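**Q** Okay, so TrEMBL annotates it like this:
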TRANSMEM  20-40  transmembrane segment
TRANSMEM  52-71  transmembrane segment
TRANSMEM  154-171  transmembrane segment
TRANSMEM  192-212  transmembrane segment
TRANSMEM  224-245  transmembrane segment
Amino acid sequence: MPWTFAHPAAILPLRKLGPIRMPLAGLVLGSLIPDLGYYIGRFDLATYAHTMAGVLFFCLPTAFILAFFLVHCRQFLLAPLPNPHRTALAHLSPQPLWPLPQAASMAASIILGAATHLAWDAFTHVNGPAVKALPLLREVVFVFGNHPFPAYNLLQHFSTLLGLLILSISYNRWLKRSTPPGISLGQGNLICYVRLCIAALLSIFLGFIFAFLSAKQGIPTSNILIRGILNTTVVFLLTYIALALRTRSTSPR
């Protein structure tokens, strides 16, 4: 599957639909939430979330809960970030979830974001509707180490890299426009970067150690790689929350 965190690239052109400006938070959460089950060891839940019923009855309420959490814990979650990222993100106005017009707008953006996720996966998953319908996507392009690479598999990897590149460029452009002049970086900024780098390296190490230890004999290397990436993401999230707690406990009241 394409890496979950490349999926928000698909929602960028949808931020403004004619005169309507869709909530970015809803679009992003909607584009991510169908894969949530993979990260909590519930592949059955992830399979359900990749259906239209799952979008309505799992993705929509779960994304609302996460949106509520992000709105009310925003400062806490931004604390471990270095400047200018922390300051620029802190200046974003949180999307209101109520009254009803705002809730309806958020719901529509979540559903639209989830729809882009399902559409992307349709062309890059082995069981995707487009892959089943188009023989060209199932054609093996080449074989490497006895492992065949069909077209949909290559499209999966290429689209992931392209999505991450688009997100990186878009974020950097936004950051340059949104950074207030005269931001002080200072020594504390370097410490933030060091902590995040250590957290990332530790997460990769533990994530793949867990993947190898839990792998059954004969399991394909690609499955271990996927499990390692999923584990790494979960460990990094937990480590990041621990950093946020530490930053909050040591910051002046």
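Just so you know, glycine gets a Cβ as well, placed from its N, Cα and C.
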**Q** Let me check one thing: do the transmembrane segment (52-71) and the transmembrane segment (20-40) come into contact, meaning three or more Cβ pairs under 8 Å with sequence separation of at least 6?
**A** yes
**Q** Checking distant contacts: for the transmembrane segment (20-40), what same-chain residues at least six beyond its ends satisfy Cβ-Cβ under 8 A?
**A** 1, 4-5, 7-8, 10-11, 14, 46-50, 54-55, 58-59, 62-63, 66-67, 70, 94-95, 105-118, 121, 230, 233-234
